[in-house]
Every structure is written in C-alpha cells, then in structure tokens.
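J.: Structure provided below as structure tokens; questions to follow.
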Amino acid sequence: MSEYLFTSESVSEGHPDKVADQVSDAILDAILAQDPKARVAAETLVNTGLCVLAGEITTTAQVDYIKVARETIKRIGYNSSELGFDANGCAVGVYYDQQSPDIAQGVNEGEGIDLNQGAGDQGLMFGYACDETPTLMPFAIYYSHRLMQRQSELRKDGLLPWLRPDAKAQLTVVYDSESGKVKRIDTVVLSTQHDPEIGYEELKNAVIEQIIKPVLPSELLTDETKYLINPTGRFVIGGPQGDCGLTGRKIIVDTYGGAAPHGGGAFSGKDPSKVDRSAAYACRYVAKNIVAAGLATQCQIQVSYAIGVAEPTSISIDTFGTGKISEEKLITLVREHFDLRPKGIVQMLDLLRPIYSKSAAYGHFGREEPEFTWERTDKAAALRAAAGL
C-alpha cells in the first residue's frame with residue numbers, strides 16, 4: 001500500500017517572531033478599543049534588550065504604546081534578565097507614521113474612484129478546510145499548535161518549572177495515498193528553551209511523557225514513531241536574545257502549515273481594512289462552511305483584490321475531487337451567501353473589535369474561542385439546502 005509524508009510546524013508564544021506578532025496585535029487591539037475605524041499597520045522588531053515599534057497608524061485613540069509593548073512581553077514570560085530579554089528593562093522605541101492619504105482615499109467609503117470601501121491593497125488570499133480534525137484543520141498544523149499550547153501551559157502552571165518561553169514543534173505525518181487519510185505519526189520534533197540546570201535525559205523524558213503523549217492521538221503513535229527532542233542537546237539561550245524577531249515572519253505557522261497555498265500577506269498588526277488579514281479570514285470562513293455543510297471533505301478558495309476596488313477581482317475554488325457539486329456551482333453559492341467586499345467582510349465577521357491578540361500565537365485558524373468569528377459554521381445549513389443536499 002503506497003503512502004506519503006507531510007510535515008507542518010508551530011512555534012510557541014515565546015518565539016521571537018511570535019513575540020513581535022503579539023506586540024503588534026496588542027497595539028492594534030488597544031487602538032481598536034478606543035477607535036474602531038482606525039487604520040493600523042503596526043510592525044515590531046525585538047532583539048536583545050530592544051523592542052522597536054514602527055509602521056503607519058491613523059487614529060484618534062490615545063495609547064501608551066510603550067506600556068502595551070512591555071505588558072505583552074511580560075505576559076509572554078520574558079520578565080527577567082536571566083532569560084536574555086526583560087519586559088521592564090528592554091529599550092522600546094516608537095516610530096509610527098500616519099497612513100498615506102493616497103492609500104486612504106481608496107479605502108475610505110465615499111472617496112476615490114470606487115465609492116464603496118475599497119480594498120486596502122492588491123493581493124491574493126487563500127482559505128482552506130478539511131475533515132482531518134474536529135476544527136476542520138489539517139492534522140499536522142492542528143496538533144503542532146496543541147503541542148506548543150501544552151508547553152506553555154506546563155511552563156506557566158509551574159509543573160515543569162525549568163521550561164522557558166521559546167519553543168518549536170514539528171510533526172511529520174504518514175498518509176495513505178489511496179484514501180488520503182492519516183495512518184500514523186512518523187516523527188515528532190520538539191525543541192524547548194530550558195533552564196541551564198536541567199539534564200538532557202530528564203528533559204527529554206518529561207517532554208515526551210508530559211507534553212507529547214497527552215496531546216497526540218495514542219493510536220497514531222507507533223513503535224516506528226521517532227522523537228527528536230532538543231536535537232542540538234542544549235537550548236538555554238532563546239527568544240529575542242537568540243534570534244531577532246519580526247512581525248509577519250510566521251505566515252505558514254499562522255495559517256495551514258503548508259497544506260494550502262499562501263498569498264504572502266501577513267496578519268498581525270493590521271486592521272481589517274487590510275484584505276491581507278480580513279479576506280484571508282473570510283476565505284477560511286467560506287471553506288470551513290463548505291466542508292461543514294458536507295459539500296466537500298476538502299476545500300480551498302482563492303480570492304484576489306485591487307487596491308481601492310470593493311469587489312474581488314477573482315474567486316476560485318478547488319475541492320480536490322471531493323465535491324458533491326461542481327466547483328462552478330460552489331462559486332455561485334459563495335457569491336450568494338458571503339459578501340466578500342471589504343466592508344461586507346468586516347460586518348459579516350464583526351471585525352472592528354479588539355479581538356486580535358489571541359490570534360497572534362498558536363494559529364489564526366482552527367480556534368474555538370468566541371473571538372474567532374471566522375471559525376463559525378453558521379452558514380453550513382443554508383449552503384447545504386441551497387445545494388439541494
């Protein structure tokens with residue numbers, strides 16, 4: 001029987017790029033709490049002893065950006081110089097400009113050539129869903145995120161007090177080529193930052209028994225499964241001290257772990273007038289409802305936009321041979337049941353709220369918290385009825 005391998009990875013909230021993402025989204029949320037119509041493109045850089053805030057912000061909100069950055073870094077767990085990065089001691093620089101008026105006139109409703117609220121930029125976005133997990137996410141990315149959440153829980157609860165904030169997980173999964181179903185887990189890679197005193201064997205055993213095995217389905221862990229735990233043997237220096245972190249550098253971790261294409265636009269720090277974020281969320285919403293409706297077991301949607309223009313320049317769908325109706329019919333249903341203009345997306349998903357901080361770690365999709373409105377399947381019944389199933 002033929003089979004193939006597929007791999008996805010996740011990183012913890014203490015990974016330097018994720019620190020940057022979380023600072024950017026915390027600043028976005030602080031602004032939206034006061035000014036829901038603000039235009040925000042907040043970028044963050046973190047390095048040893050340094051946090052730089054830059055980008056374009058147009059708002060009436062009064063926000064202490066330095067305080068928000070420090071509080072976010074502290075919440076993640078970088079609160080001591082022993083960790084190489086200290087929320088209270090690092091230097092924080094603020095270098096925000098305002099949004100270009102040339103861009104603003106294309107986005108502001110009633111201005112520019114298209115009087116509707118136009119897209120904030122050109123670009124292409126993808127959404128994806130499949131039936132491999134309860135949240136209709138691909139297996140490898142879903143469980144990679146769960147491993148990282150487990151690492152964080154054990155660190156913060158003090159059950160494994162030698163854990164430090166920075167960590168990464170990677171799963172290689174074996175699929176059956178004929179059915180396309182997951183057969184077993186081939187390799188688990190988990191690297192976690194740790195205190196210098198902990199011995200390697202104690203660390204390895206604790207990671208396998210207390211992080212990995214409680215999370216991964218036991219029936220998919222076999223005698224052939226390989227465990228690669230801190231493969232270099234030591235991971236004391238980590239976080240922004242180990243590597244410079246930047247907003248928007250973990251776009252595959254943020255989405256589908258490579259199981260679906262990515263249009264290239266990052267999410268964190270961007271208000272929902274930026275279709276890089278809002279349209280990608282809408283695409284996930286569409287794809288998930290199609291799968292939840294039983295119209296396909298796998299669904300990928302692409303949309304594209306032109307700056308200043310409200311209507312998408314294209315919509316395409318691929319169900320990889322699993323569709324119960326044609327892809328042309330699915331596109332018609334999508335146009336009938338989902339408003340994919342920027343203003344329509346914002347209203348449909350209620351995006352002008354301070355809801356983004358949670359999304360900046362452990363994935364933007366496959367989440368069940370109430371803030372993640374794009375994970376609802378409230379359109380599934382209507383889609384199924386309209387399809388005649």
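Heads up, the Cβ atoms here are built off N, Cα and C, so glycines get one too.
As the structure is a computational prediction, the values presented were derived from the model and not from experiment.
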J.: Examine the ranges 11-21, 99-109, 110-120, 231-241 and name the one recorded by Swiss-Prot as region 'Flexible loop'.
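T.: Spelled out, Swiss-Prot records region 'Flexible loop' over residues 99-109, not the other listed ranges.
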J.: Need the DSSP three-state call for Asp17 (Mg(2+) binding site) to compare against my parser.
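T.: The residue in question, Asp17 (Mg(2+) binding site), is helix (DSSP, three-state).
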J.: Distance between Arg234 (ATP binding site) and Glu56 (L-methionine binding site) at the Cα atoms, whole Å?
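T.: Glu56 (L-methionine binding site) has its Cα 40 Å from the Cα of Arg234 (ATP binding site).
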J.: Cα-Cα, whole number of Å: Glu56 (L-methionine binding site) versus Glu43 (K(+) binding site)?
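T.: About 9 Å separates the two Cα atoms.
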J.: If you average the pLDDT over the region 'Flexible loop' (99-109), what number do you get?
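T.: Looking only at the region 'Flexible loop' (99-109), pLDDT averages out to 70.
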J.: For a quick check of understanding: given the listed ATP-binding residues His15, Asp166, Ala167, Lys168, Arg234, Phe235, Asp243, Arg249, Lys250, Ala266, Lys270, what is the maximum Cα-Cα distance in angstrom, as an integer?
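T.: Between the most distant Cα atoms of the ATP site, 36 Å.
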J.: Please give the L-methionine site's span as the largest CA-CA distance among Glu56, Gln99, Asp243, Lys274, to the nearest whole angstrom.
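T.: Max Cα-Cα spread across the L-methionine binders: 30 Å.
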J.: List the residues of the same chain that sit at least 6 positions away from Lys274 (L-methionine binding site) in sequence and have their Cβ under 8 Å from its Cβ, in sequence order, or write 'none'.
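T.: Once residues fewer than 6 apart are set aside, Lys274 (L-methionine binding site) is near Ala41, Gly120, Asp121, Gly265.
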